[in-house]
Amino acid sequence: MALAHTLGFPRIGRDRELKKALEAYWKGELDQPGLLQVGRELRRQHWQLQKDAGIELLPVGDFAWYDQVLAHSLAFGVIPERFRPADGQPTLDTLFAMARGVAQGCCGGAHAQEMTKWFDTNYHYLVPEFTVDQAFSLSWTQLFEEVDEALALGHAVKPVLIGPLSYLWLGKAKGGEFDRLELLERLLPVYGEIFQGLAARGVEWVQIDEPILVLDLPQAWKNAFERAYNLIQREPLKKLVATYFGGLEDNLGLAAGLPVDGLHIDLVRAPGQYPTILDRLPAYKVLSLGLVNGRNVWRCDLEKALEVLAHAHERLGERLWVAPSCSLLHSPVDLCREDQLDEELQSWLAFAVQKCEEVAILARALVEPEAPEVRQAFEVSRRVEASRRRSTRIHKREVQARLAAVRPQDSRRASAFAERAVQQRARLELPAFPTTTIGSFPQTSAIRLARQSWKQGRLSQAEYTEAMHSEIRHAVQVQERLGLDVLVHGEAERNDMVEYFAEQLDGYAFTRFGWVQSYGSRCVKPAVIYGDLSRPRPMTVEWIRYAQSLTGKVMKGMLTGPVTMLMWSFPREDVSREVQARQLALALRDEVSDLEQAGIRIVQIDEAAFREGLPLRRADWPHYLEWATEAFRLCASGVRDETQIHTHMCYSEFNDVIESIAAMDADVITIETSRSDMELLEAFEAFAYPNEIGPGVYDIHSPRVPAVEDMVKLLSKAAERIPAARLWVNPDCGLKTRAWAETEAALANMVAAARQLRQANLA
């Protein structure tokens with residue numbers, strides 16, 4: 001029989017118990033013993049849930065108080081000087097300080113470590129900071145404590161570690177450039193110490209995650225794998241190297257040949273690496289096949305998965321293991337909690353607990369195909385697949401016909417930017433260095449209470465509309481008083497930049513308990529795309545029309561772009577991401593056109609996740625960038641030349657996608673640049689970016705009110721790179737999370753800075 005195991009399990013709890021406990025601890029409402037008890041109870045529950053589902057070898061070490069990479073940094077003694085305790089011994093509070101920073105009132109203050117996306121998921125990790133003289137030592141023994149807990153409960157365990165090469169790859173050199181591979185020999189002894197500690201506890205297997213094996217690796221890093229694992233093999237324990245999020249491709253031979261006892265591959269993201277892997281795998285080695293999708297919410301097609309397993313079982317026998325494609329960290333916890341989804345839609349879904357059951361039933365089907373539980377599970381799977389194939393809620397002829405009728409000219413504006421710009425300037429009559437904001441204004445407790453009361457039926461539609469109108473009036477009055485040139489309505493009615501639109505589109509569904517961890521205590525509940533997407537009615541027009549009626553100044557319409565809508569949702573698996581993005585683009589195109597018809601002269605289409613969608617392998621970039629830019633243009637190109645299209649992007653690297661950003665052909669792009677001191681504009685200058693740009697002049701993530709002179713300096717730097725006639729003045733990002741007092745003060749200074757620049761340019 002193939003062994004059923006998982007690579008990791010969600011840590012947040014069915015009711016987000018970890019989130020609630022962490023936030024209570026940070027507020028001083030829960031002491032550390034209470035927090036530790038919550039962690040112990042969650043681990044106990046999660047191990048039992050997996051065991052009850054039929055998982056035979058349970059992961060230990062997948063629990064983390066904030067992030068698994070950060071936990072490794074603490075374990076390895078990779079603690080930046082600004083956080084290092086005087087006695088050298090890190091504590092739980094050290095970990096939280098590294099993740100969240102330390103306030104100025106404590107020890108002079110210390111900024112948090114950088115956070116970035118975990119490969120191409122929507123999870124974020126804390127980036128390790130390495131110095132050229134970096135020392136490593138076993139400094140945090142949480143893994144040993146958790147192994148002891150699991151063993152005491154009678155579980156068969158498989159501790160989980162991030163591998164040494166992936167850990168170094170995920171970090172950054174600080175205090176000067178150097179090759180992180182130079183640190184490898186210093187790091188490996190700590191792994192040896194951990195392996196020895198686990199062996200002493202009677203552990204047989206350890207899982208070593210090396211997800212960078214699915215990336216384009218420099219030759220030096222490939223060579224380092226062989227060097228590192230030749231040393232690691234001398235240590236006790238059987239070792240399973242786990243890869244996920246993509247195919248091994250040119251690294252397949254390297255991974256298969258590593259001197260370890262097993263290899264896990266992701267057959268959801270990269271089914272093509274099977275059966276090739278069988279011919280490269282040594283005869284002694286276990287092969288773990290990831291056949292159940294660990295990062296989406298759909299049921300597995302059991303018959304299709306069993307075909308692969310049965311073939312592998314003939315070749316491998318007991319050397320075959322079955323698992324999800326990756327850690328279940330990226331899946332919600334338990335579908336059984338859902339009580340408001342309709343029966344048919346719920347039958348199509350599987351969360352982490354159900355995915356464990358699928359893994360276990362697949363393993364059992366190899367040896368007991370006629371067992372009643374196996375036959376029943378496969379019968380349900382067949383019914384689900386048939387239901388999804390013929391469902392008219394999924395497959396809508398009118399949506400498919402409209403998509404098929406799209407012509408190349410539908411993704412192009414009528415005229416080139418230079419011609420459009422002349423018409424837009426004549427229509428908008430804006431001054432040089434026009435000022436605006438990115439869209440959202442502070443979401444106060446009163447706004448949240450009104451929305452909650454309306455959704456719960458305690459506030460009528462008319463009462464809710466008046467409450468939102470009051471907030472819009474306030475936002476418009478503040479902007480007019482401050483002297484901003486292009487106004488926004490403030491987005492008071494929006495709970496989330498994706499969910500607000502998804503709730504109004506056909507083809508989206510929403511769960512009550514489909515939470516996944518984004519980072520630390522931050523959890524998100526992505527909408528689920530289950531079918532063809534369309535817009536039954538206008539989504540924003542009445543709010544924006546009302547806002548425009550309050551002022552003679554230009555009011556921007558605000559939309560979330562098709563790529564961002566897709567990337568921040570659980571997508572369908574039966575059609576490509578490209579098709580889903582184009583369906584979203586057509587739905588949003590209708591909204592853009594309706595805004596134009598309502599007299600709105602500027603429409604902003606945010607694409608915050610445009611870069612996040614990039615595939616892990618460079619060879620796959622061109623196809624993604626082609627359809628992602630086409631989706632944006634399809635969404636934005638149905639308007640007249642005099643209507644100005646804006647987009648907003650907030651990330652720190654443009655050089656490698658600048659051509660595609662230009663190909664989007666937005667009239668104005670606003671970007672996050674203040675923290676880089678305008679250095680990000682180098683990419684736009686070098687490329688000779690032809691359209692208009694609004695480089696962010698202050699960091700909205702900080703409560704600090706920027707000085708006028710600081711913003712004047714930044715704008716002057718920007719004007720050295722971009723012609724002044726094409727520069728806009730705006731914050732880095734939306735102001736949803738800020739308070740009104742600091743927002744007004746910062747915007748007043750921003751307007752003053754723009755006026756100074758205008759006077760200087762006229763002089």
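A Cβ is built for glycine as well, from the same backbone N, Cα and C atoms used for every other residue.
Remember, predicted model here, so these are calculated numbers, not experimental data.
Of the listed candidates (Lys117, Lys713, Lys717, Lys736), Swiss-Prot assigns Lys117 to the same 5-methyltetrahydropteroyltri-L-glutamate site as Arg16, Glu17, Leu18, Lys19, Arg522, Cys523, Trp568, Glu612. Record check, Swiss-Prot: L-methionine site residues include Ile438, Gly439, Ser440, Asp606, and the candidate from Glu491, Glu493, Glu659 also listed there is Glu491. Among Cys635, Cys733, the residue that Swiss-Prot places alongside His648, Cys650, Glu672 at the Zn(2+) binding site is Cys733. If you take the Cα of His701 (active site, proton donor) and the Cα of Glu612 (5-methyltetrahydropteroyltri-L-glutamate binding site), they are about 20 angstrom apart, rounded to a whole number.
Under 8 Å, Cβ to Cβ, and six or more positions away along its own chain, Glu491 (L-methionine binding site) finds Gly439, Ser440, Phe441, Met558, Gly734, Lys736.
Between the CA atoms of Glu672 (Zn(2+) binding site) and Glu612 (5-methyltetrahydropteroyltri-L-glutamate binding site) there is a gap of 15 Å, rounded to the nearest whole number. Counting only same-chain residues six or more apart in sequence, the Cβ atoms lying under 8 angstroms from the Cβ of Asp606 (L-methionine binding site) belong to Gly439, Met497, Met558, Leu559, Thr560, Gly561, Thr564, Thr647, His648. Those same-chain residues not listed among Ile438, Gly439, Ser440, Glu491, Asp606 yet with C-beta within 8 angstroms of the centroid of the L-methionine site C-beta atoms are Thr437, Val488, Met497, Met558, Gln604, His648, Gly734, Lys736. The most crowded of the binding-site residues listed here (Arg16, Lys117, His648) is His648, judged by how many other CB atoms sit within 10 Å of its own CB. There are 16 other CB atoms within 10 A of the CB of Glu612 (5-methyltetrahydropteroyltri-L-glutamate binding site), with all protein chains counted. In three-state terms derived from DSSP, Leu18 (5-methyltetrahydropteroyltri-L-glutamate binding site) belongs to a helical segment.
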